[in-house]
Amino acid sequence: MSAMMVKLGLNKSALLLKPSAFSRAAALSSSRRLLFNTARTNFLSTSPLKNVASEMNTKAAIAEEQILNKQRAKRPISPHLTIYQPQLTWYLSSLHRISLVLMGLGFYLFTILFGVSGLLGLGLTTEKVSNWYHQKFSKITEWSIKGSFAYLFAIHYGGAIRHLIWDTAKELTLKGVYRTGYALIGFTAVLGTYLLTL
């Protein structure tokens, strides 16, 4: 309808000028429905059958609710992820997203820390943070933290390259997706280990 209006040189406000046959029929139908419901309500409220009708409506509502509950008990529920066979694509997609969130949190934490320190004149420098880090953490903890960030960075960097390959409409078949997935795992192992040894 909007394409026809454009051809005629009209905009959407032209619809408001003259009601169509459809809108007139819809308005007539809704007014008939309103009139019927009002008449029925008036009849029942003035009728001696009011109590009987009310009781019948209550019984019908209870019976209807019981039928609905039986139907709901048989209705299939939305399946949980645990019923599916795990796929390489899930894990890599999840790791790609989680790695960005974790690295982003670390980045913003230190950025805010240094920004607030400069504003408040606390004199926080990278040298002081480095000294505190090496004094408070054991070598195993240092390697764990460094390894976590090294591998998180490696998998996110590799995932970004993988997405750039997909953006060129390459490796979009199932075999191609798995091929790039296994390449990403190998790339992550190599780059993460290299970053850990720095």
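Cβ atoms here come from the backbone N, Cα and C positions, even for glycine.
According to Swiss-Prot, the feature transit peptide maps to 1-50, an assignment based on experimental evidence.
Sequence annotations record features per position, and here Swiss-Prot assigns topological domain 'Mitochondrial matrix' to 51-99 (among others) based on sequence analysis.
Proximity of ARG97 (ubiquinone binding site) to non-local residues of its own chain (separation of 6 or more, Cβ distance below 8 Å) is seen for none. The annotation ubiquinone binding site is assigned in Swiss-Prot to SER93, ARG97.
With a threshold of 8 Å between CB atoms, the same-chain residues lying at least 6 positions outside the transmembrane segment (100-120) that come near it are 129, 149, 152-153, 156. What Swiss-Prot lists as transmembrane segment is 100-120 (among others), and the listing cites sequence analysis.
Counting residues 6+ beyond its ends, the topological domain 'Mitochondrial intermembrane' (121-139) has Cβ neighbours under 8 Å at 110, 113-114, 145 in the same chain. Residues or ranges marked as topological domain 'Mitochondrial intermembrane' in Swiss-Prot (evidence: sequence analysis): 121-139.
Taken from Swiss-Prot, the feature transmembrane segment covers 140-160 (among others).
If you look up Swiss-Prot, you'll see HIS156 marked as heme binding site. A 10 Å cutoff on Cβ-Cβ distances gives HIS156 (heme binding site) a total of 21 other Cβ atoms nearby, all chains included.
Summarising the annotation, Swiss-Prot assigns topological domain 'Mitochondrial matrix' to 161-175 (among others) and lists sequence analysis as the type of evidence. The topological domain 'Mitochondrial matrix' (161-175): residue composition by secondary structure is 9 helix, 0 strand, 6 coil, according to DSSP.
Residues or ranges marked as transmembrane segment by Swiss-Prot: 176-196 (among others).
Remark: secondary structure over the topological domain 'Mitochondrial intermembrane' (121-139) totals 12 helix, 0 strand, 7 coil, with classes taken from DSSP. The two recorded residues SER93 (ubiquinone binding site) and HIS156 (heme binding site) have their Cα atoms spaced 10 Å from each other.
Helix, strand and coil content of the topological domain 'Mitochondrial matrix' (51-99), in residues and according to DSSP, is 39 helix, 0 strand, 10 coil. Same-chain residues lying 6 or more positions outside the topological domain 'Mitochondrial matrix' (161-175) and placing a CB less than 8 Å from one of its CB atoms are 181, 183-184, 187. Mean predicted confidence for the topological domain 'Mitochondrial matrix' (161-175): the pLDDT average there is 96.
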